[in-house]
Each structure stands twice: as structure tokens, then as C-alpha cells.
């Protein structure tokens, strides 16, 4: 027993960093250099609107106002600076975009989001609220006359908008919001009321201080009949900044991030709006006081109304790739320059990137980031088609928003931890971006509910076109443990397709059994919601893999292509390794499971020479990032 304790102590001592063994940090075992041309890959990854990208890149590099961070400012100071930066960024936006581009050329807004290089994320959120929520509501839900009246004012900031949908008591369940808009035919006005405390509009970005107008989502009541949720445009502040009669506004206060955004709460007490303030593309009230709509019944009309705002989910998905890119570029560059503990040479410390555990923390996130990017590009292509596939767009946007925002949450957390205390410093951006982007997982739709929407679509489609029945591979197939087989795209796609087919059948059976027992359909759905959510994720990963493989196929550079193929294999094998389904349902053998774990580690090792090129190709110049992505030793000289 004593000998065992001594042995453990000896092992422990070997891992303790002794100050007299600390070596000079400058020599490196693995040089941080490009293995292929990252600029060429960048042009392949982001092929559209190159001139616009160049113009924006110049602004991002030189605009001193926009480059200012907000670290350490008071709540009021951060809000004031963010709003000033917001107005400057709107000038840039106005010079390069029109609000009509959201409809005519969505690639321009994608370029703007992908190209954004400033530290203060609150500014992009203010832009998103004003331009992509308030402005998009006018564009997609308003009549031609309403577009003509408001769009130019939105672009010039004569009108500063916010979006009042979420209530204290209702977030995701939009169809049950409590705010009422009752039509008064005598005055030809809508009377907006918040009938309960829980009906107050809550967490409305821009409402607490700066917005002059808002979109109010409310239950429309005409001649005693409820017509469902509709959108109204309303002034909430007068030109002198005072609050409009019939509205009460309060500040939501300090948040865990995005404190440059002035989130507020609003209550309406007999707020009167002219008849023309109902955004009437999908339904309106005429002068005779009669409601009409080209879309019936109300639930279909509601789906069309909410579907028109799907662009916000897409922007979160591409924003997630951008934030991952910052975290990974920083953390991986730091892992080449930062050293810890000695290896075979007791006088020389090892780089972080040389540790298998460190590579395993970061490189699967790099694979995820590339995978999501190619699906984002596919969704953008759908958005740009003249004959839009609305259902596919809605489902894919929901899937990628959920998958992308959770990916970003996990990626930035891992990057932060992998950089130790340096990752906690605001100037290195990772920790700051982590807290600022936390809200992405819940706004524009809670991810759990979004995956259920995806699964509902999958189940509906499977009734018309059932996937093939799941069948476990033969014993001979499950004996194959070589890298060539396990990394092959055929094996990877077959694995995710098989999981999808079995998951569809399983969820269908669970729901059928529950209903057969006499349970109402909603109770059956709720009882099986964990399996339903998983089905949404399974479908999403299957689609992402397919688009990943299709996306990289057009790139001809051999070294870059080899690195991209490694990312595809890593993306999928990491999924297989982490999901117990593959062993539980006999898709792989225990020997294959062990071999897959080995392959994940081996691919991470093989990707090391390509790390710098792969992160550089995502478009973030390390010199514009935090000190640990550069010469952090010189930065810390006294």
C-alpha cells in the first residue's frame, strides 16, 4: 500500500511545474504556419459580393469609432457608446444596402454579418432589432403604401424601431399572447391594451431608451371576432423623447451580456392607432370595418406572418459561425505559442497543441464550424431563389439556428477554458463574446421548440415518403476497423442516414402507442418530447453532413481538399463517438466504437499542420484579435 502511495506521489510530482525548470518560451516544436493558401479557400467559402466585402473590410480596419470597445463602462456609458456606434454603422449600411435587399438580394446582408469585425456586439444587436426585425416587418408584412411611408425613414434613422412580440407571460407560445388590438369602427382606430401584468411586452431591445417606434404583435379583434395575431406599427416616443400617451415603458436593467442594448418593457393602456397602422399584407380592415385576408384560416395566416421573419434565424446561424471563428482562431494560435510542462526533453516545455487532450477540445469545434457554414450557404441560396421554397427555408432556418447557436455556446466555452485565465480577459474577446452571445440560444425561438418544429416537419414528410426501414449492418461490415473504411464518406453518410431512419420509426411508434392508449395528441407529444427533440437534431446533422460533403467537392487545391476531408470525417466520427445510439442499436460493434475513438484523436493530430490555414480561411485576421492570438509576450512587457 505504501509503495503504491509513493508511486502515485512520484507521478503527481512529475506533473507539477517546477519554477527552476521553466524554459524559454520562444522555441517552438511545431511552427504556426500555413499549409495551403488560406485566402484562396476564403474566396471559395465566401464567393458572393466580393467587392462589397472589400469595401466593408476597409471600413472595419480604419473606422476608429466603430473599433472602440465597451469594456468596463457603466451601464449608461455602454448604452450611450453603443447607440453612437449604431448610428455610425447605419451610415455604413445605408451606403451599401437598402432594406429592400432583404427581399431582393439577401446575400448582401449575409456579407454584412459575415464581414463584421468589431468588438462591441451590442451594436450588431441594435442593427438587428432596427433593421432585421422592425424594418423586415415593414418590408415583409406591410402593404406597398406602408413600405413607401416607412422604409426610407428606417434607413435614415428618422424612425428608430424595436420589435414588441415577447411578453412577460408568453415567449415561444406566440399564438397565445395576451395583448389585444380591438378595432373601433366609429373612430377607425385600433385600441391596444395590455389586459394583465403578464401581457406586458418584455425584454424589447431598444425600447428602454432609444426607439421612437415599435412593431406591436397583438391579438386582433374586429366586430367581436378574434382574427389571430397581427402586426401594428406604433410610435412610442414623441419627437421630444417623451413617452406617447397610452404607453408605459420601464427598463429591464442589467443583463449578463449585451448591456449596450437598452432592453425595456411596455404596457399599453388604450393606445389608439389609426386603421392604416395595421401591417396589412396578410390581412386588413377596410373603411367599412370589415376584416379580410387572402390567407385563411387564422393559423395558416399566423404561420405566414411569422414565416416572413425567418431571416433573423438565418442571421443567428451565420453569426454563430463568425463567433466560433474568432474563438477558434484565437485559441488555436495561442495553443501553438503557449507551452506547458516538459516532455522527453526536461529543459523544453511542450506546446499546448502537442497535447492530444487539447486538440480534442478544440478541433471538433473547427469541424462543426465548417460544417454549419456550408449548410448556411445552402440556406442562403434558397433565400435568393425567385420561387422561394418557403417550407424548406423555414425548417432549415429553424434547424440551423438551433444547431448553430448551441454550437457557438459550446465552442466559445471550450475555447475560453482552453486558454485558461487569458480566455477570461475581455481584451482576448472569447469570454466577452461567450457572455454576449448566450442569448442566441433563446431569442428568435427557443432551440428545444425549434427542433420540435423540425421534427414535426420530418414526421409529416415521412408519412408521405417513409425512410427505408432500419437494418443493422452485417457482422462482416462491423468487423471493419481500418481508418480508410471509418473515414469514408460512404460509411459516414450511411451511419447518419440509418440513425435518422430508425429515429423516425421510433418516434412514430411512440406517438402511435401513446395515442392508442387514449391520450390526447398534445399529451402524447409532450410525453415523448425528448425523443422528438432528438429527432430534430438527428435530421439536422444528417442534412449538415450532406451539404458539407457537397460543399467541399468543388474545391480543387489538393492540400486544402485533404484538410477539408479530414474535417468532414472528424465532424461525423465525433457525432458517432458521442451518441450511444450507434452501439445501442447495433450499427457499430464495440471494436468499431473503440477504433472510432482512436480515429477522432488521430484526425485531430493530422489536422495540426492545417490549423492556421483553416482558421485564417474563415476570414478573421489574427492581428485584429486579442493579444493571445498574436505576440502576447511583448504585449505584457512592463
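Positions of Cβ are set from backbone N, Cα and C atoms, glycine also.
No curator has checked TrEMBL annotations; they are predicted automatically.
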Report summary line: Expected hit for transmembrane segment in TrEMBL across 93-117, 118-142, 143-167 is 118-142
Report summary line: All chains considered, the count of other Cβ atoms within 10 Å of the Cβ of residue 205 (FAD binding site) is 26
Query raised in the report: Looking at Cβ-Cβ distances, which residues of the chain lie under 8 angstroms from residue 166 (FAD binding site) while being 6 or more apart from it?
Result: 201, 202, 203, 204
Query raised in the report: Can you give the mean pLDDT for the domain 'Acyl-CoA oxidase C-alpha1' (307-459), rounded to a whole number?
Result: 93
